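Data block below; observations after.
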Amino acid sequence: MGSALLLALGLLAQSLGLSWAVPEPKPSTLYPWRRASAPGRVRRAWVIPPISVSENHKRLPYPLVQIKSDKQQLGSVIYSIQGPGVDEEPRNVFSIDKFTGRVYLNATLDREKTDRFRLRAFALDLGGSTLEDPTDLEIVVVDQNDNRPAFLQDVFRGRILEGAIPGTFVTRAEATDADDPETDNAALRFSILEQGSPEFFSIDEHTGEIRTVQVGLDREVVAVYNLTLQVADMSGDGLTATASAIISIDDINDNAPEFTKDEFFMEAAEAVSGVDVGRLEVEDKDLPGSPNWVARFTILEGDPDGQFKIYTDPKTNEGVLSVVKPLDYESREQYELRVSVQNEAPLQAAAPRARRGQTRVSVWVQDTNEAPVFPENPLRTSIAEGAPPGTSVATFSARDPDTEQLQRISYSKDYDPEDWLQVDGATGRIQTQRVLSPASPFLKDGWYRAIILALDNAIPPSTATGTLSIEILEVNDHAPALALPPSGSLCSEPDQGPGLLLGATDEDLPPHGAPFHFQLNPRVPDLGRNWSVSQINVSHARLRLRHQVSEGLHRLSLLLQDSGEPPQQREQTLNVTVCRCGSDGTCLPGAAALRGGGVGVSLGALVIVLASTVVLLVLILLAALRTRFRGHSRGKSLLHGLQEDLRDNILNYDEQGGGEEDQDAYDINQLRHPVEPRATSRSLGRPPLRRDAPFSYVPQPHRVLPTSPSDIANFISDGLEAADSDPSVPPYDTALIYDYEGDGSVAGTLSSILSSLGDEDQDYDYLRDWGPRFARLADMYGHQ
């Protein structure tokens, strides 16, 4: 360059020991700033190496370096610096003397925040013109060991199986140091300060890995190990920090379960199941609740019928002996069981064998009162339909399992819905006590079910329940009959028409019903000569003519027989009308009339029809009379003045004397047959005012008249209620003002029965002839 900066690194602090030398020029890096001091020679500016300064410097301000320019004399150059630490954040860390070029440190440095600063230096003349090109000034912060190492966790956790071999990895401890990792200030070393005795674990000082160093880890001895860890910088000679490591020992099945006794004694009641009779205690040193601890029990011998089982109590790990099949004291009084115990998890091969891996269990059976037992339950038997009372059904006896107690058994009924059976209380013999109806609702598919009880005489007694199922055998007690109607018609020509189809029914069930056999009565020889019956199927036959017979009604005697054992036979009369037929095989119209008159309606049938007609007419008449009587009674209850009560020469009059202003009465026909109200000459159709109503009275709205006689009572009740609730009418308990009606009265005063216009000894004995309703009057006024 034309002119070079003469950088004088005036070491104000002798401790740094820095000396600056002008490097020899190198042609390969020559810049075109020349200064002709000699032919063929160029001078270059100083190359300034990084300036190092320690962090945490206490003496401030502290001189770092001095820069100078050789272009002008001292005092004619102004120096300045720019960059981070000067006019950029962090500000005011560095400053420069503008006349001397000395650079000062003004604040304490922290390498962990900023490890170097890059500044720009400027040289100007007094007029502010640039004398030299700007040059770079780099300041490097030298690290000090001012940060302790730190573990990433306060507590490190690891797990390892007991019995692990040496060198087994457990966990890894990790730590950091904020100092310069390129220096010993961040060179960390790990160690174990404390772990107890014996020492089963070691830590790699460089990586922090924790591993086992010897055998002998036993969870049953020590389940958890607590280690104190340390990390130090300066390769172990500097600052330190500590943390903890918790190592849990996982369980393996290295301990076999053992019984606490060589023999257990228990008692069990007979004839019960699903009950616990005792517990088998075991010990296991492995982790409670784990598969290495949970016990499983096996009955090796002594229970060939599988009457016992052993399950494990999950809380106590005890074996619970339970009875799954009822025991019988009379069959066996004692059981000797041999039981073994193992864990759910298999035992480790290196584990020692248990001394009490098996035990004996003695179970004594207690004798109890057992209920009687029916050898055959349910008991099925059969009896003929319609069996008479006293017919033996079965003997439903039970036996007592308690052979040593010599108990007596009694029998009774528990369920016999038809009360059909009778049970001998001592023997259990069952017989009928009446005839069972075939239509009983308790017969299901021909079976009748009853429940019998057997009771011993123990205290308290025991009861057994037995079911008796009785099949009611069908008996052929009904003969077949022709299906209705037992009549029909045939063409007079034998070859005409399809014939007459005959059907039969039977109230008996199979096999006492169909097939049915149809036969003309052999006792009437003429039937076989003129008529024939051919079987169609098991329940129907066809009747035909062999020869032409006279037209009209013919009565044929038929024999019907079923297939029961023994068979039942019925003789039945068949009414057959023979008529002339057309080409289609049906009776001609004239013949049909003849046939209709002789279908075979008997005199009894005609009487029934006529009687039914008469009964129907009588019922209709009674219904009409009852309707009229009810209407008349209803009218009497509402309008007492309309009754016409005639008692010989005594008449009932409604005359109440003269002087009444209101001469208009209700028309009952209008009540029974209301019509629409017609408009009158009164304005707005208002009704006439009552004479006893105040002048401010406002008539009530028109009420709708009843539409049927049955509503008359409601109509009158509504009118009474309207009058009672009328606020414009004075109340009944106040004095009313009536218009003057004049003196005297056309009608005289009412006289008593004793006051007579004739002689005083009038005879009232005729009142006795009027019936019980006048008996009281006859006693009062008749001759004594």
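From the backbone N, Cα and C atoms, a Cβ is placed for every residue, glycine too.
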- Note on the structure: In Swiss-Prot, of the candidate ranges 301-325, 401-425, 676-700, the one given as region 'Disordered' runs 676-700
- Item | From glycosylation sites Asn106, Asn226, Asn537, Asn575, the one whose Cα lies nearest Asn530 (N-linked glycosylation site) | Asn575
- Across all protein chains shown, the one of the glycosylation sites Asn106, Asn530 with the most other Cβ atoms within 10 Å of its Cβ is Asn530
- Sequence gap of 6 or more, C-beta under 8 Å: which same-chain residues meet both conditions with respect to Asn537 (N-linked glycosylation site)? Pro515
- Query: Hey, of the glycosylation sites listed (Asn226, Asn575), which one tops the CB count within 10 A?
  - Reply: Asn575
- For the domain 'Cadherin 2' (152-259), mean pLDDT (0 to 100): 91
- Message: Using DSSP, what is the helix/strand/coil residue split across the domain 'Cadherin 2' (152-259)?
- Response: 6 helix, 48 strand, 54 coil
- Which numbers of helix, strand and coil residues does DSSP report for the domain 'Cadherin 4' (375-480)? 0 helix, 47 strand, 59 coil
